[in-house]
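Per TrEMBL, the features are:
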type     : residues                                                               : note
BINDING  : A:Ala28, A:Gly29, A:Ala30, A:Gly31, A:Thr32, A:Gly33, A:Lys34, A:Thr35 : ATP binding site
DOMAIN   : A:7-288                                                                : domain 'UvrD-like helicase ATP-binding'
DOMAIN   : A:289-564                                                              : domain 'UvrD-like helicase C-terminal'
TRANSMEM : A:42-61                                                                : transmembrane segment
Amino acid sequence: MKEMLTKNLNPSQAEAVLCTEGPLIIFAGAGTGKTRVITHRIAYLLSLGVVSQSVLAVTFTNKAASEMKKRISDLIPGVGVNVWVSTFHSFCAHFLRAEASRISLNPYFLIYDFIDQKSVVKDCVKELNIDEKKFKLSIIADKISRAKDNLKFPSDMAAEAESAGDFFGITVAKIYELYQKKLERADAMDFGDLIMRTVSALQRHSELLEYYREKYKYIMVDEYQDTNHAQYIFIKLLAGKYHNVCVVGDDDQSVYSWRGADINNILDFEKDYPNAKSVKLEQNYRSTPKILSTANQVVKYNNARISKRLWTQNPDNGSVTVLKAVNENDEAVKIAELIYSNAYDNKCKFSDYAVFYRTNAQSRTFEDTFRLSRIPYAIVGTLRFYDRAEIKDVIAYLKLIYNPNDNVSFKRVINIPRRGIGKTSIETLENFAQLKNMSIWQSVPFAQEAGLTKGPAEALNSFAQFIKDFSTLKNSGSVKLIVEKVITDSEYLKELEAENTPESKIKIENIQELISAVDDFEKNRSLDKSLAGYLTQIALMNDADSPDESKGKVTLMTLHLAKGLEFDNVFICGLEEGLFPMGESAFNDKELEEERRLMYVGMTRARKCLYLCWSTERKVYGKIIWNMPSRFIAEAGFKDESAEMEQNRKQNFQNRLSQGFNRTIIHSDSFGREQNFRSFNKKSFKAEIVYTNAGSYGYMSSGGEITKAERFDNPAEDLSPYKIGTAVSHPVFGRGKIIEKSGVGNDLKLVVLFETGQWKKLLARIANLTLI
DNA sequence: CTCATATCGATTTTT
DNA sequence: TCGATATGAG
């Protein structure tokens with residue numbers, strides 16, 4: 001058995017697999033066969049006679065969990081399926097339901113997602129009379145989540161904020177406190193609660209801790225670099241007796257610190273477990289040597305990392321190429337040309353290509369371009385199935401049927417479809433409920449007493465009756481039946497049908513898809529087919545990626561979503577200072593390093609060809625900005641372009657100036673694309689390849705920004721002496737020409753192109769310019 | 001209560 | 001730029 005399991009492994013992989021006792025950390029670089037090692041290690045444990053029920057494997061995503069589960073049971077048929085493989089959240093949800101009675105918890109709690117969380121925060125903000133404009137819901141909800149990630153109670157947050165004199169923190173702590181009360185009152189938990197309450201339960205109930213420690217003698221954690229503090233403590237608790245904990249991860253691929261992930265968990269593992277064994281997986285099976293060395297070279301600029309170097313035996317036939325574009329359309333067109341010409345020649349399939357970008361907004365240009373050039377594409381990520389309004393509506397009905405005290409769901413569906421119960425009615429009722437310490441549901445019978453007029457009160461009652469009508473179905477009936485009854489009896493479907501717009505048709509399709517998903521749930525999920533089981537399942541599961549959807553298509557996605565995937569050809573786009581690395585992160589070492597890791601993740605997805613793309617000009621929020629090429633291009637070993645870039649920019653401006661600045665921009669938008677497409681026949685494919693791997697690299701100074709003046713939008717004549725094209729003189733910068741202009745009066749800002757080639761954005765009021 | 005217009009504001013998003 | 005939300009008239 002041992003031989004069978006190790007014969008296809010390299011020496012370090014085998015070492016990791018065979019090390020079964022005591023703490024073990026596996027540093028698994030990109031493409032080094034991590035999943036293989038984990039699954040083989042579990043198989044090996046089982047072959048040694050370890051009972052499958054005492055092995056626990058934790059991952060972050062359902063996708064990873066089901067993949068692992070499948071591979072384990074393939075490896076050890078029959079026994080493998082009993083290994084507990086699940087996500088942190090799913091494990092904790094099961095734990096809390098199972099042990100609910102012991103920790104005085106309602107086992108029928110609901111799970112709130114981020115949208116629900118924000119909705120509760122909104123209620124809190126209103127109730128506490130806090131200015132919604134100063135405190136944005138998502139920031140507050142985020143801060144509360146971060147606190148839970150760090151096992152901080154409202155009181156902890158308050159105390160910390162107090163001593164730091166952090167006014168914002170003090171306010172959020174108040175919101176957090178109320179927020180928590182509301183969740184408890186509604187028997188709901190957010191994602192953070194699942195972990196935090198599990199940890200608390202284990203800490204407070206020694207008999208529970210002892211039981212689970214005994215139960216799970218062998219623990220494995222995947223993507224350990226992404227664990228937050230709460231998850232870290234959770235593992236530490238469970239592994240506290242036998243110390244048979246094996247964590248796998250790659251510090252170079254830690255890109256979720258903004259969601260509470262603490263990279264120190266992986267960096268300090270050997271401090272936490274002094275007798276820990278450590279294995280590095282460095283042989284890469286994915287990429288060509290050129291791509292690997294380039295990626296290595298970039299990530300080497302990071303300080304907070306454990307030194308490792310990926311190598312490969314793959315043939316050296318790949319390439320890393322920098323693609324320079326004039327604007328974001330040009331960027332997309334060049335990529336489209338490359339993809340199209342290769343696909344046309346049958347050198348590659350569309351599905352061999354992936355386009356990665358830093359922000360979702362960038363996908364738009366690619367969509368437009370690909371659609372025009374008939375390149376099939378699939379966007380991964382943006383809007384998740386269960387986040388769609390119509391799906392959330394139907395689910396809210398289910399939640400309400402399951403637990404009528406769920407205020408969030410109540411408010412969501414009370415007037416969908418319209419029942420003539422408006423904002424004021426709900427508000428009055430909610431205030432009344434608040435006062436009497438009831439849920440909104442419980443206060444429905446007192447609607448008139450609460451001050452509602454007859455119409456709404458009656459509507460409310462019949463709505464309540466509608467929900468009550470499910471009381472028998474909810475315990476015994478099939479979920480599918482409930483859903484169907486909900487959408488027909490509530491007339492939700494009827495209203496959508498009446499709308500009869502393209503949007504409403506899509507919504508109906510989505511609802512139909514939901515029904516078939518429910519059907520699938522009932523047919524293929526033997527464990528818990530109840531409404532409760534279904535709600536838990538979907539709360540913790542985003543839509544399973546349907547593989548056939550990306551078949552034969554170019555994949556478009558953010559760099560974050562690219563983690564864990566691989567493609568023959570990868571385009572990393574928008575490699576510009578300010579976009580990637582993004583915003584201010586260039587000025588903060590920690591943030592810059594995370595951006596760099598993201599770059600590393602992107603680069604190491606490529607098997608054969610990697611393209612680094614940047615554009616000299618880019619439209620952001622409707623304004624054109626000029627960025628410097630990203631430092632990551634230089635760090636990847638491409639020669640310092642800053643000098644040339646500067647030259648470029650001067651040329652750019654001179655050209656614009658001589659042709660009339662505004663015209664050029666407008667033309668390049670509406671006609672430039674057309675021209676590009678006119679040449680879009682197979683023969684003339686030729687992307688401008690600017691630099692290929694050359695020697696030196698250096699650092700580039702951060703780029704300036706120039707914005708197009710609003711003058712196109714409001715051509716009203718102004719009275720100031722400063723006009724576009726006016727020659728002026730500045731005491732320091734010398735002579736120049738006004739090329740841009742925005743604002744009025746005291747706010748009048750000018751962009752002046754000086755004879756030196758330099759341009760500056762100046763406030764007219766203080767710039768001390770003289771007309772010449 | 002509902003529909004139409006202003007206003008704001010905008011990373012990344014495993015569960 | 002464009003989309004999601006807040007405000008106001010009917």
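Residue numbers in this text run from 1 along the chain shown.
Any Cβ shown, glycine's included, is placed from N, Cα and C.
The most densely surrounded of the binding-site residues A:Ala28, A:Ala30 is A:Ala28 (count of other Cβ atoms within 10 A of its Cβ). Within the same chain, residues at least 6 positions away in sequence whose Cβ sits under 8 Å from that of A:Gly29 (ATP binding site) are A:Asp250, A:Asp252, A:Lys280, A:Leu281, A:Glu282, A:Asn284, A:Lys308, A:Leu310, A:Thr604. Sequence-distant neighbours of A:Gly31 (ATP binding site) (same chain, 6+ residues apart, CB-CB distance under 8 A): A:Asn284, A:Tyr285, A:Arg286, A:Ser287, A:Leu310, A:Glu566, A:Thr604. Cβ neighbour density within 10 Å is lowest for A:Thr35 among the binding-site residues A:Thr32, A:Thr35. Computed over the domain 'UvrD-like helicase ATP-binding' (A:7-288), the whole-number mean pLDDT of the model equals 92. Annotation for A:Gly33 (ATP binding site): same-chain Cβ neighbours under 8 Å, separated by at least 6 residues, are A:Leu9, A:Asn10, A:Gln13, A:Leu281, A:Tyr285. Its Cβ taken as reference, A:Lys34 (ATP binding site) is surrounded by 22 other Cβ atoms within 10 Å in the chains shown. Excluding A:Ala28, A:Gly29, A:Ala30, A:Gly31, A:Thr32, A:Gly33, A:Lys34, A:Thr35 themselves, the residues of that chain whose CB lies within 8 A of the CB mean position for the ATP site are, in sequence, A:Val37, A:Asp250, A:Leu281, A:Asn284, A:Tyr285.
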